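A quick write-up on the structure given underneath.
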Amino acid sequence: VNMSIAILPMSSEYNWDPATVGLIQSSFFWGYLLTQIAGGIWADTVGGKLVLTFGVAWWSIATALTPVAAKLGLPFLLVVRAFMGIGEGVAMPAMNNLLSKWVPVAERSRSLALVYSGMYLGSVTGLAFSPLLIHKFGWPSVFYSFGSLGTVWVALWLSKAQSSPLEDPDIRPEEKRLILKNSVSKEPVKTIPWKLILSKAPVWALIVSHFCHNWGTFILLTWMPTYYNQVLKFNLTESGLFCVLPWLTMAFSANLGGWIADTLVSKGYSVTTVRKIMQTIGFLGPAFFLTQLSHVNSPALAVLCMACSQGTDAFSQSGLYSNHQDIAPRYSGVLLGLSNTAGVLAGVFGTAATGYILQHGSWDDVFKVSVGLYLVGTVVWNLFSTGEKIID
């Protein structure tokens, strides 16, 4: 997120064309791609606490090294961005593993939405403060300041967190009983049944849907400030501040969606029905609002369309993102790693393809591709997904 803002002054300083900017933006995903499945296996076998500690420490160091790498040259910058992705790649599988250990099924959508909305609020913070830091201290300050914050988090995390209720000395006995009674088998995973996992249609529905979903999400994440700057003619500070609105909307609507999903489950609706409803909103909402962008002629309405697109997108937290724990609770980290690998491939191709499309076409073409993939995802998800446990 910091890079999506800092890339504007960086590209003018180093004379990068749109294709190079697309390459730099996508280099993060090369590393992110490498550690998705590895992070899931690691979290399911050694526990989420250690994996998340490694991830945050690693990506914080890589963030702080970014300005040094940029000065050394483009290859160094690409490597450091890929390194940052390696650290971030383990985060979501580790978080999924932790939640599957700590949260009963009836609270799953809400807890996942709450944790993931932290990522949206992180995006808000990055987008709001990066322009201010750039104006006052220059673009390198963005990477130094946010990189150093990770070390503070690691110190707190190591002293407070545990991988499961069984390892927590401070938890009350009745709370431990409640969690263990309503959660999955607690034996550590020794082997991963890859053949069984990959033979299930709902697993493939998850993988394909994750790809279709992330194509649109990652393009907006990495290119939105550029769109605001080039098309809507906002300056750097305005681009950052207006980019905040969609992320705030996502933080709010993810929690709203989580509350709605858990309420529907507690009222007796099947988990399958709830997941299908929530993910359909997560696909068709963004598709509708992106199609409206080409008909909009005021910057205010364009920002509103973006906010509504991202806001409905966040209902996916109660759709596909909650589904890993439904269908294979013991292997939820591995499964998230698997589907998020497909999601990251969408980030790699989508971010780089956007740079290419913009050199040869228009923003309308960029949005049309996203809308097409949202529609494919809707069909696949509704035909093949389930909320039932299919792998024990």
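Heads up, residue numbers simply count up from 1 along the chain you see.
Glycine is no exception: its Cβ is also placed from the backbone N, Cα and C atoms.
Please treat TrEMBL annotations as automatic predictions, because they have not gone through curation.
Here is what TrEMBL records for this protein:
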- 1-389: domain 'Major facilitator superfamily (MFS) profile' (DOMAIN)
- 20-43: transmembrane segment (TRANSMEM)
- 50-70: transmembrane segment (TRANSMEM)
- 111-133: transmembrane segment (TRANSMEM)
- 139-158: transmembrane segment (TRANSMEM)
- 203-224: transmembrane segment (TRANSMEM)
- 244-265: transmembrane segment (TRANSMEM)
- 333-354: transmembrane segment (TRANSMEM)
- 366-384: transmembrane segment (TRANSMEM)
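If one looks beyond the transmembrane segment (333-354) by at least 6 residues along the same chain, the residues whose Cβ comes under 8 Å of a Cβ in the stretch are 22-23, 25-26, 29-30, 32-33, 36-44, 48, 89, 92-94, 96-97, 100, 189, 192, 197, 203, 206-216, 218-219, 222-223, 320, 324, 327, 366, 369-370, 373. Mean pLDDT across the domain 'Major facilitator superfamily (MFS) profile' (1-389) comes to 87 in this model.
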